[in-house]
Amino acid sequence: MSALANHAFAKMNGIGNEIVVVDMRDSTAKVTPDDARAVASAQGGVPYDQLMVLQKPRLDGTEAFISIYNNDGSEAGACGNGMRCVVRRIFEKTGQATATFETAAGLLNAWQGPAPDLYTVDMGVPKFGWQDIPLAEEFRDTRYIELQIGPIDNPILHSPSVVSMGNPHAIFWVDDVNAYDLARFGPLLENHPIFPERANITLAHIVDRDHITIRTWERGAGLTRACGSAACATAVAAARLKRAERNVEITLPGGKLGIEWRERDDHVLMTGTATFEYEGNFDPALFAPAG
């Protein structure tokens, strides 16, 4: 039987990014990709974009090791909106105002934001090297790379900026983020051979130097109302191109995030809300073998 059968969970969202938080710090059992897919089942499951699993801390001074799953069962290195949901959950239960977590992408520090309903997560230092993103071939300058869809002489989307925020991101600069069928183009670009680990695909419009609008096709989850790491990647990419300041507001379909690419150490700070929806226990039938 799955470790998640009958296990408690919290359904939350980070500005529209659907999140399920499961605290398994008192267990040695492991969640499998099959478990993660079962949770999102249309037959009695809990719809989500990311599943955040808290496991026993492996390092002194950390609250937990966070395993992050997309709804297709694949693992993610980072999820900014999910981390804010975890932070709210921990802070409300313990009364803390600061915490450190370990993820596959490294250590993340978090703290209470400038207002009671805001939470800030230090998403770490972005990476720009083609091997770090990673890309399947060498690009010396990742501010733009040669990639397009559509006719060669009249491409529909082209020349994205690429960034790693612990997961790979490609940002296409457009005049109107709603003018493109992202549900059609997103999976084609996510699975393009240039991205050996697939990629998150974002359409971004720079409104002015401190405001950017985006839509994202999320790797392993699909079209989403919000992707925190995509907001971070977009802010960083725009600043690298000197088209935006290092402290910007990002508008997503689900809401707004404040992103600061801190100049003194290049860490990316993400500030936004985290909304609690309901609690429950997983139905064991979700994890029963088919047949």
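Even glycines carry a Cβ here, placed using N, Cα and C.
Annotation source Swiss-Prot lists substrate binding site at Asn17, Gln50, Asn70, Gly80, Asn81, Asn167, Asn200, Glu218, Arg219, Gly228, Ser229. Under the DSSP three-state reduction, Ser229 (substrate binding site) is assigned to helix.
Here the Cβ of Cys79 (active site, proton donor) has 33 other Cβ atoms within 10 Å, regardless of which shown protein chain they belong to. Residues or ranges marked as active site, proton donor in Swiss-Prot: Cys79.
Taking Cβ-Cβ distances under 8 Å and a sequence gap of 6 or more within the same chain, the neighbours of Cys227 (active site, proton acceptor) are Asn17, Gly80, Asn81, Asn200, Thr202, Thr216, Glu218, Leu252. The active site, proton acceptor annotation in Swiss-Prot covers Cys227.
Compute the center of the Cβ atoms of Asn17, Gln50, Asn70, Gly80, Asn81, Asn167, Asn200, Glu218, Arg219, Gly228, Ser229, which mark the site for substrate; besides them, the chain residues with Cβ within 8 Å of that center are Asp49, Ala76, Ala78, Cys79, Gly82, Thr216, Ala221, Thr224, Cys227, Ala230. In the three-state DSSP reading, Asn81 (substrate binding site) counts as helix. Note: the Cα of Cys79 (active site, proton donor) and the Cα of Ser229 (substrate binding site) are spaced 6 Å from each other. Once the Cα atoms of Asn17, Gln50, Asn70, Gly80, Asn81, Asn167, Asn200, Glu218, Arg219, Gly228, Ser229, the listed binders of substrate, are compared pairwise, the greatest separation found is 17 Å.
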